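Below is one structure; the comments refer to it alone.
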């Protein structure tokens, strides 16, 4: 907490009294009581689950896992985010009260990971859907790295001005079709545009004749490139 010195008050008040601004007091209280909403969809979440044990004891940072987004101010995305899960993730973020923060944990969350090059259903970066405060790369990151990310987020909160945080709030969200992103309005109502969330048919829904016909139409030159 940033302290402010008042010479006239220091002469009459005991040393146990701390003088500061309301903004710094608010930041200090929030960074010491972050309540994360755990959003784990893949193996990265297993590393985060290790923090709950006695070896790392993340309770010392004031972290209290919550199962409801309305009681959380931090969402930690760990694992692959598919286009089918994209509206659910955005809705969870919209339901969290301000101010709220996001930690993107793992390569799959940040860039799509190994699914980003040849996958029709993976979002290439969770920051296309929600604003991210701290990026935590790794496959998967170690629990010590998660603690370091939480420490960096706490430092960011301690220097934060509340008015600037509200002013820079993201108003638009991005949805993807075949990795082409389209900006849409905020979806507080929960009414999603189903056209933007169209999923390509799986191979089980395609007949064998159509499958081999599409394969035969691709030249060997395209396959090499």
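Glycine residues also receive a Cβ, built from the backbone N, Cα and C atoms like all the rest.
The feature [4Fe-4S] cluster binding site is assigned by Swiss-Prot to 43, 44, 108, 139, with sequence analysis given as support. Taking Cβ-Cβ distances under 8 Å and a sequence gap of 6 or more within the same chain, the neighbours of residue 108 ([4Fe-4S] cluster binding site) are 42, 44, 79, 80, 81, 114, 115, 122, 139.
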Residue among the binding-site residues 43, 44, 139 whose Cβ has the most other Cβ atoms within 10 Å:
44
Report the residues of the chain - excluding 43, 44, 108, 139 - with C-beta within 8 Å of the mean position of the site's C-beta atoms, for the recorded [4Fe-4S] cluster site, in sequence order.
42, 78, 79, 80, 106, 107, 109, 113, 138, 140
